[in-house]
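Peer 1: Let me begin by handing over the structure; questions about it come next.
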Amino acid sequence: MEIVGCRAEENTCPFRPPAMLFHGISGGHIQGIMEEMERRSKTESRLAKGGQMNGRETNMPPMSPEKPALCAGCGGKISDRYYLLAVDKQWHLRCLKCCECKLALESELTCFAKDGSIYCKEDYYRRFSVQRCARCHLGISASEMVMRARESVYHLSCFTCTTCNKTLTTGDHFGMKDNLVYCRAHFESLLQGEYPPQLSYTELAAKSGGLALPYFNGTGTVQKGRPRKRKSPALGVDIVNYNSGCNENEADHMDRDQQPYPPSQKTKRMATSFKHHQLRTMKSYFAINHNPDAKDLKQLAQKTGLTKRVLQVWFQNARAKFRRNLLRQENGGVDKADGTSLPAPPSADSGALTPPGTATTLTDLTNPTITVVTSVTSNLDSHEPGSPSQTTLTNLF
């Protein structure tokens, strides 16, 4: 689309020499000079117009008085000095408009034609775009940023929770069911309302046709399971693993029992993988407090990104391992399972005890610049890093 110059009057010359004072020149010479200047100006103007028309002859043939151009919009003759050339047709400046929104396209950089109709960029992509948003079902332009979930594509503003309309950004956990997007909280509520609470993650997968309803955070979810015999079935806790992409050789695993369904089947224990910074944070806090309360669990959940239930189960298992280790030390310091000798329990004067009520600083290992001050109660012992009891605790994990 371009603006092309049309006709110009050739019978008049716009150049008029200014009044000048000629000294020592007769009147006849002055008249000859003025006629020569006027002739040269006419020649230059004709050459300039001829060059301009020849430069655009590939786009539009020069107009002639015998065959005036017709506007493709209104069908009238074009007698204006300037007109528009779009899709190999001539248009009045006022006639080139979008057929949908009637937007004037004379100042736009682009316009689109489809089946003889003219569209602006927004209406063309809205009506004829190949990819459409899975939420609003409108077209998505090629230069627009999108969010992808499985095979669906969404506008950034349309990638929201179906229940609460919360905008989901990169890194947020979300769930999908029936091609609908849910935030983490409402997806958990949806699962709890649809399936009985005693069903484990394995039974949920079987009930859903072999494919469970996991959470998504941009990468695949890593989960491991192994059969294990138990003397008596116990009601277990099924926790969805939110930590994806973990290397099983570089991570610790937490085993959880599951209730069998139906009762004739063997029980299975699922394993949750932890990342290094999560383990360091939990172990550091376990050295200070073996039984954190709800407030401490909330702070740890914010640091590690784990749920409070996951943290509760981990601390419960850690306390059980710690008690078993103390019993083994009291029975002779030899582990009957593998025959390895364990360090002896520390003496009363082996480490310096922290006075009651002393504030102990716990550094967030995930972000070294953040420091959390926790008050240690009088019934807990805080040992120095070099004490034997600290070495014993490290060997547990």
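Cβ from N, Cα, C; glycine included.
Pulled these features from Swiss-Prot for this protein:
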- 40-60: region 'Disordered' (REGION)
- 69-130: domain 'LIM zinc-binding 1' (DOMAIN)
- 131-193: domain 'LIM zinc-binding 2' (DOMAIN)
- 267-326: DNA-binding region (DNA_BIND)
- 330-363: region 'Disordered' (REGION)
- 353-363: compositional bias 'Low complexity' (COMPBIAS)
- 378-397: region 'Disordered' (REGION)
- 387-397: compositional bias 'Polar residues' (COMPBIAS)
Peer 1: Sort the residues of the domain 'LIM zinc-binding 2' (131-193) into helix, strand and coil with DSSP and give the three counts.
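Peer 2: So the domain 'LIM zinc-binding 2' (131-193) is made up of 10 helix, 20 strand, 33 coil.
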Peer 1: In the predicted model, what is the mean pLDDT computed over the domain 'LIM zinc-binding 1' (69-130)?
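Peer 2: Residues in the domain 'LIM zinc-binding 1' (69-130) carry a mean pLDDT of 84 in this prediction.
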